[in-house]
Amino acid sequence: MQSKMHGKSLPRHVSESKRMIVETSGPSKRLYQVWKGSNKFFLGGRLIFGPDVRSLMLTIPLIVVPVILFSVFVSQKLINEFQHQLGKFIVAFAVLFASYDIVILFLTSGRDPGIVPRNARPPEPTDNGNSSLRLSSELSGIYGGSSLPPTKDVFVNGTIVKVKYCNTCMLYRPPRCSHCSICNNCVERFDHHCPWVGQCIGRRNYHFFFMFVSSTTILCLYVFSFCWVNIKMIMDAYECNLWGAVVKSPVSGFLIIYTFIGAWFVGGLTTFHIYLICSNQTTYENFRYRYDGKMNPYNHGCFHNVKEVLFSGIPKSMNNFRAKVIEDSARFTSLHSTGQVMPPDLSKPSFDLEIGVKRHTVSTEELEDIQNQFEIRPLERCNTQSSHSIWTDDKGNWDDELVAGFGTKHNWERTHDIEASSAEFGTESGFGDTFHSEAAT
């Protein structure tokens, strides 16, 4: 069979197992193309969104449409009443501030919130001197389990904090890190997953999120205030009551109600996050741990907390989503991410020439080895000391695992090959014996 890899044909003497590995090895891809999280990537991995990025199609109109209505229907009265270009400035400020709010929204939604890279395999047990612990860890990894403790104690500012082991990312989460079930990632300083921005809120985008909700609150109050100014001008100009002014400018009445409800929503959210910033908490910690009843190890005082959260530099992302990776290695990582850890020899459906391909000639030494394996294996299965046979008898047990993994078809081919080889060897041996006996006579 002629196989090609990067435009070159494989030599004929390459074994079938290695030939299959080369053929199934995919070309190199970018990390974002094989990423195991639920994120959505755009512009070649430069923008990373959450799986619910479509929610932006609702959030953006909720901000833009009221500003457009304000600029088209309300601003005309303001421009005519205010002198020295003040009316135009009022309208221009609303448009520019809305544009600023949209930019902050994309800075919050379209960046890495602080995703912790996944491990390709579970970490080694901390007790390296205990061989039985390492053995049980390796055995449990092969069969999909884990012997690692679910939590581990770490010191944070002199206080013991328990960090959990993530079975999906196969790592002990750093302090204040949590796994987002929506994005399927562990995120540093996880605050919450915001459906309005379609992204997790973590260490690398929290201050952008706070700027977004606070600027949206200011925008709502701005439009709310000048709609009232427009209503008051109509009342004075036409000498009518409130209802008459609303009838003459229904868009102003609608925006007053709309921005009032929006200001309560985003304003309350802004107030809540001001409290979290001053006490150096996250939304997740506030609802889960309730630091009010115990010491918060991250609280350094209001001034230092505000400086740390809002005015500290943005840490560099721990992931290079545009880096090139091998697709097969990423597939092997996906096995680990689901907890199904397999040995490297079993990670691909590859097997040696002696197992899956028919042979026409077998040497005497190889035939004796194969026969000895079939004779010794029943004794090994009856042996009670199975802990030694798993790792020392590579030839016997690993063959059993491979045969069990690849099915009865390969088992039948192997038996058929051995019988055919035995018959062929027996014919050649019988001919040799007859020749020697005749020569002796």
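Keep in mind that glycine also has a Cβ here, set from the backbone N, Cα and C atoms.
Annotated features in TrEMBL:
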DOMAIN    164-288  domain 'Palmitoyltransferase DHHC'
TRANSMEM  56-74  transmembrane segment
TRANSMEM  86-108  transmembrane segment
TRANSMEM  208-231  transmembrane segment
TRANSMEM  251-278  transmembrane segment
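Outside the transmembrane segment (208-231) by six or more residues, the chain places 63, 66-67, 70, 74, 77-78, 90, 93-94, 97-98, 100-101, 104-105, 107-108, 111, 191, 194, 197, 201, 242, 245-246, 249, 252-253, 255-256, 259-260, 262-263, 266-267, 269-270, 273, 277, 309-310 with a CB less than 8 A from a CB of the stretch. Nonlocal intrachain contacts for the transmembrane segment (251-278), taken as residues 6+ away from its ends with a CB within less than 8 angstroms of a stretch CB, comprise 62, 66, 69-70, 73-74, 210, 213-214, 216-217, 220-221, 223-224, 227-228, 230-231, 234, 245, 286, 302, 305-306, 309-310. Confidence in the domain 'Palmitoyltransferase DHHC' (164-288), given as mean pLDDT, stands at 94.
As a summary of secondary structure, the domain 'Palmitoyltransferase DHHC' (164-288) carries 76 helix, 17 strand, 32 coil according to DSSP.
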